[in-house]
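One structure is given here, and the rest of the page talks about it.
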Amino acid sequence: MTNSPTVIVMIGLPARGKTYMSKKLTRYLNWIGVPTKVFNLGVYRREAVKSYKSYDFFRHDNKEAMEIRNGRIHSLWVSNDYKQLIQIQTVYIPCVVYQVFDATNTTRERRELILNFAKDNAYKVFFVESVCDDPDVIATNIMDVKVSSPDYPERDRESVMEDFLKRIECYKVTYQPLDPDEHDKNLSFIQVINVGRRFLVNRVQDYIQSKIVYYLMNIHVHSHSIYLCRHGESQHNEEGRIGGDSELSKRGRQFAAELKGFVEEHRLSDLKVWTSQLRRTIQTAEELGVPYEQWKILNEIDAGVCEDMTYKMIEETYPEEFAMRDQDKYHYRYPGGESYQDLVQRLEPVIMELERQGNVLVICHQAVMRCLLAYFLDKSADDLPYLKCPLHTVLKLTPVAYGCKVDMFDLKVEAVNTHRDRPLVSF
């Protein structure tokens, strides 16, 4: 882990997906345990200018507006949000904070201002430039995102498109892309060209920056859905035991049959199916009658010495361990086993592959499903171990502009409840 705070600086003309990438990147970094926060300059600009009238505000020769826009950068750096983030860095050493500066940053003058600020504060800087000249992608982005922007309350789609295209032209007048050959050859950056068709990477400084590059090279904007479900109820589930490698119960086999009907009903013909290497997920997938891939890293959390035990047995045999897990469920590691934190690290390749793929059905386990769900729904490490993932239920996750739409399908097959609520008593 790098020991210096880093500012991730977005670059690009409007409607190039900068905010989309900022939010996804922030969600990913927080999920892997790197505290990260997005600072969107548009929010601070709107605080200074309560009502947006037209693209004229973004003309390079509008001196009054330019003073306001440049002043917003300084307002950001002295804001309470920014101070609180830096306080995290100060108080929780060696915690490393990442800041994502979401703005156009299209001129060298603006970027030099940021570089000087970073130098004064001993921060690293990593630039992410989105370059796109595909008119269809730009138009889709405007329609999907900008129409609902606070800049355009109660404006029809046609007038929004017209004004926003003129706003883009205002930025083009002064736009200076990163120059990897001369002026910017010593900077650390990635250029994402035409939403991931090509990439240019320059002078990556550390481990986290390399992870950022790899992540950005795997995400795409094509429409797709991810289906998550647990295996059918197992014999261990019926007995209240955790872990192990038991087979499906009678109701579990019934769920597998219902899952096949669900897949056929939704006509998911291009669907990829992934399972763990444990029998209960494999038996669930076999009923579908389609090819499936077994992933060892999708196996349930390793409960170590507590494998195959009930919670009552664990409480009686290992009372101290039982109490410690309730105190900090995310970081607690079973003796000889894993913690949820370990599981997140193990599942990172699955997240990368899910971001790359089209429609995928993941048949997995309770702890695994919680980790995957926490990534897509941007849940904290504290909340992750208590996310509800009932048996015999399918969750459909559809990535949208700045988040994820969730649809829940109860396949109406009875099953035991394996969820344990967060303890009410504070330790």
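Every residue gets a Cβ built from N, Cα and C, even glycine.
Any TrEMBL annotation is an automated prediction that lacks curation.
Substrate binding, as stated in TrEMBL, involves Arg230, His231, Gly232, Glu233, Ser234, Gln235, His236, Asn237; the candidate among Arg157, Arg167, Arg280 given for that site is Arg280.
If you measure from the Cα atom of Arg280 (substrate binding site) to that of Glu300 (active site, proton donor/acceptor), you get 11 Å.
Across the domain '6-phosphofructo-2-kinase' (2-222), the model assigns an average pLDDT of 85. For the recorded positions given as Arg230, His231, His236, Arg280, the lowest number of other CB atoms within 10 Å of the residue's CB is seen at His236.
Counting only the Cα atoms, the space from His236 (substrate binding site) to Glu300 (active site, proton donor/acceptor) is about 13 angstrom.
In three-state terms derived from DSSP, Glu300 (active site, proton donor/acceptor) belongs to neither a helical nor a strand segment and is classed as coil. Across Arg230, His231, Gly232, Glu233, Ser234, Gln235, His236, Asn237, Arg280, which the record gives as binding substrate, the greatest C-alpha separation is 14 Å.
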